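See structure below.
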Amino acid sequence: MSATLLAVQTLNGLQLGILLFLIAAGLTLVFGVMDFINLAHGVQYMLGAYLAVAAYGVTGSFWTAMLLALAGSLVVGLALELVVFRHLYDRDHLDQVLATFGVILFLGEAVKVIWGSSPLSLPVPDLLSGSIPISDGLLYPVYRIALIVAGLLIAALLYVLVTHTRVGMLVRAGATNAPMVSALGVNIRRLFMVVFGFGAMLAGFAGIMAAPILAVEPGMGDNLLILAFVVIVIGGIGSIRGAFLAALIIGLVDTIGRSAATDIARLVLPPAAANDVGPAIASMLIYILMAAVLFFRPSGLFPARAG
Amino acid sequence: MENATASLFRARLVPGLILAAFGLLPVLAGLIDDTFIVFFAIRVMIFAIAAVSLALILGFGAMVSFGHAAYIGLGAYTVGILAENGVWEFYVSLPATLVVCGLFALVTGAISLKTRGVYFIMITLAFGQMAYYTATSLSAYGGDDGLTMWGRTEIFGSSMLSDRMTFYYVVFAVLVAVWWLCRTMVNSRFGRVLQGARQSEMRLQAIGIDPYAYRLAAYVIAGMIAGVAGALLANAAEFVSPAYMSWHRSGELIFMVVLGGLGSFSGAILGASGYLVLEEVLSHVTENWRLIFGPFLILVVLYGRGGLLGLITGGKRDG
């Protein structure tokens, strides 16, 4: 693999990592504070993308569509919390998994009914269209670079929020010991609504940002949801820092692994066999990585909860 | 007291009734000359086998495995890939299925069972997806499109499984055997340790038992049984597809167990039947049956404690 290709794949990997971080950040906070497993988080990412496409159809402006879709993601997230999730906090994980699975089935099908099964797309905004040269004769789309920058900015914003504000302090305290925070007189339910709404918006934002470069289709959240789980497991439940690092690692390993696996397999196998084995190994890489991390650190790289 | 005795009686009666129903169904279907019912019942029994295996670890070991469909897929692919390479004999494909699923369960279980709660759910889900994506990237065996089998597994050179009735009763016999095996295990010392670990791990350790090995053994056995279900599914459909091991399937399997009533094998069979019948009926009513099914699932979780079996027996559970 040439240096240029490696550069492009690194950028692509960062891009996937950023998307994963945006999804995993909300998930890991919700896990951390409320010990609540929300499978429907991937659906919220998908809804963000669909809402953006719909809003663009009405307004014709990417930026207005983005604002409307963000507001829509927040409303849907809070509505789900109010109608379904609120009743599940005191239940065991099995109930949470099943009920949120029901939410996935419903919303996935609802999206099909409203927008159809065929993939939709959202045009890249004029401001961010075009490409810039990153080395001799190699162009990289501005929009993809903007996505990486936007993701890094949000990561920085989250860092400030979590480490330097009162709400952030409560979130961190909640992740360490939620009953204690509650006993100290903090309305933990309201704290959770804030965390939950914020997480839903982050997932929606990821969907909006992904809409111009990925196909907007039912089930688009499923793959990313499971990758986000891998990210959270590696990073440590409840840890934003862990999620950020793990998301970038997973993004890079998956992307570069996929483009390099066949070439590497060719070194030891005949070409025909390598073409078969390469992709299979590439798709297993991140799970092997996860298994390895768990083997040495069973509670992830940065466990938020001690013990 | 009378109520309790009556419900206990009904709890004992349920397994017998379910067995009798599946045993007699082809005869009744033959009377009204309906072949669809037989095909459908074969599918129900296959998923019931998988649901029973999941009930073993979920209901009695409190291991919420969200990757159980992977074993159905692995079993199906073992049979399919062997057939693609000209090996049709059951005395090769059955042990191969057990070994493949057993090894996958041993390796992934050894890692996942080091963790608890949410971690365990996410890790089993991730390993399940690993199997799924590996299957979709097997371009030599159909990749995304799946693999068509041009026939069914043979038994000592005889293609008797191609006969619908024979195949029906083979699946039925496997279901009965699996059910008996799981009931026997749960009532043995092994099963008591498993259930004890669910209640209090610390007490078990205090009397010198390490629950990890027992959990792992149960996880491996459940994986192997689900693999057999997969091998049967491949034969029933004469087709193998990555969709068999999608995480939606794993979620559906969990729902079958919960729908029937957690902590009971007859419940798992009832749940599998109830789920598939509901899916069949709803998909005839509307193409978008998930719009109804999703909220139904949520309602069952929120209000339907005890499941179908609880409905029949008034809350009592059998083994």
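Positions of Cβ are set from backbone N, Cα and C atoms, glycine also.
Remember, TrEMBL labels are computer predictions, not curated facts.
Features of the protein shown, as given by TrEMBL:
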TRANSMEM  B:12-32  transmembrane segment
TRANSMEM  B:44-70  transmembrane segment
TRANSMEM  B:90-111  transmembrane segment
TRANSMEM  B:118-135  transmembrane segment
TRANSMEM  B:166-182  transmembrane segment
TRANSMEM  B:212-233  transmembrane segment
TRANSMEM  B:253-278  transmembrane segment
TRANSMEM  B:290-312  transmembrane segment
Using Cβ distances below 8 Å and needing 3 or more such pairs, separated by at least 6 in sequence, tell me whether the transmembrane segment (B:44-70) contacts the transmembrane segment (B:290-312). no
If I count Cβ-Cβ pairs under 8 A between the transmembrane segment (B:212-233) and each of B:12-32, B:90-111, B:118-135, B:166-182, B:290-312, which range comes out on top? B:90-111
Contact set, same chain, for the transmembrane segment (B:290-312): CB under 8 Å, 6 or more residues outside the stretch: 10-11, 14, 255, 258-262, 264, 266-267, 270-271, 274, 278-279, 282
Same chain, outside the transmembrane segment (B:166-182) by at least 6, Cβ under 8 Å from its Cβ: which residues? 15, 19, 22-23, 26, 38, 41-42, 45-46, 48-49, 52-53, 55-56, 152, 160, 225, 228, 232, 235-236, 265-266, 269
